[in-house]
Amino acid sequence: MALLLIKSRPSNLTNPAVRALRFASSDGRIQLHKSKGQHILTNPRVLDAIVRRSGVGPSDTVLEIGPGTGNLTLRLLEASRRVVAVEVDRRMVDALSRRAEERGFRDRLEVIHDDFLKTKMPSFDLCISNIPYMISSPLIMKLLFESVRPFKRATLLLQKEFAHRLLAKPGNPGFNRLAVNVKLVAGVEFVMNVSKRDFVPCPKVDSTVVTITPKLETPNVDLEEWRAFTRTCFNTKNKTVGAIFKQKRLLELLRRSEDRDGGGYVESEDGVEMGLFKDRIIGVLKQEGFEERRPSKMGIEELLHLLELFNQVGIFFNERRKI
Ligand SMILES: C[S@@+](CC[C@H](N)C(=O)[O-])C[C@H]1O[C@@H](n2cnc3c(N)ncnc32)[C@H](O)[C@@H]1O
């Protein structure tokens, strides 16, 4: 029986202009690549605190994204039933596998050698990771919207400013589309700040640990439509939602604008045009150019439903709030 599972796929992260850094680890010298976000968390107190605050228990399967040389992984193996780690760098996969084997953990560790954003999502109870910061947004979207089955919680070490935008309330500076998308399906909580001095090599920015807990019930919404809708709302900087969709006026205009064939365009005060065909919204045209969208299944009723959901996540249509 293969005890240490390593699934492999060639990496496409082969930028020749990569800026490499020298780092002396306990496993020998490994060249760390900034382009892969390789900042190793070395402070044992912080590592222990992350494990403790994650609430991991002996029955949990943990997903770790970007385990690196395994400083966090070994602690997670001590505390959990099983760890599935996804790592893009072959050298890290080897270093981690060696360390896990030395510590007698090899039958409880599965290492997937792949880019997390491209790999098939494994099943897991908890995700606990010091992630590569440059893929933070797509990583969180993948966790929340592509998980095979519901998971309990994700405990993530994020760049401090990024974490604070996720924690921001509607109307606060920094509140962005990712925060809205996350808020629809999950709750985000602050856990602790981590100094940049706790990493080797020392990054330019401090970090923050947050937990992201999926809601037990998610709203009844076509997530693809929701994401297109929030993209429209957040593409127009420094505007309120009310300015983008003047609800009554927009709907009146939409209905009146329909031509003989059932198609038409209307323009809002902010230069946002919506294309209609037989009561279906087929595209959004803005001052900067046409935003490509597949013909939408969304009709006027669905648009109103999305606006209602916006209220539920705390963005009120009629309030003059900046988003
Ligand atoms: C910030 S380091 C964290 C290392 C380790 N978890 C720690 O706490 O010390 C990020 C790790 O993610 C890996 N990585 C970068 N991009 C990745 C991707 N797209 N998929 C999976 N792993 C990735 C890097 O090779 C690196 O090992």
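Any Cβ shown, glycine's included, is placed from N, Cα and C.
According to TrEMBL, the feature S-adenosyl-L-methionine binding site maps to HIS39, LEU41, GLY66, GLU87, ASP115, ASN130. Around the Cβ of ASP115 (S-adenosyl-L-methionine binding site), the number of neighbouring Cβ atoms within 10 Å comes to 17.
Residues annotated as domain 'Ribosomal RNA adenine methylase transferase N-terminal' in TrEMBL: 46-216. The predicted model assigns the domain 'Ribosomal RNA adenine methylase transferase N-terminal' (46-216) a mean pLDDT of 95.
The full span of the recorded S-adenosyl-L-methionine binding residues, HIS39, LEU41, GLY66, GLU87, ASP115, ASN130, taken as their largest Cα to Cα distance, is 20 Å.
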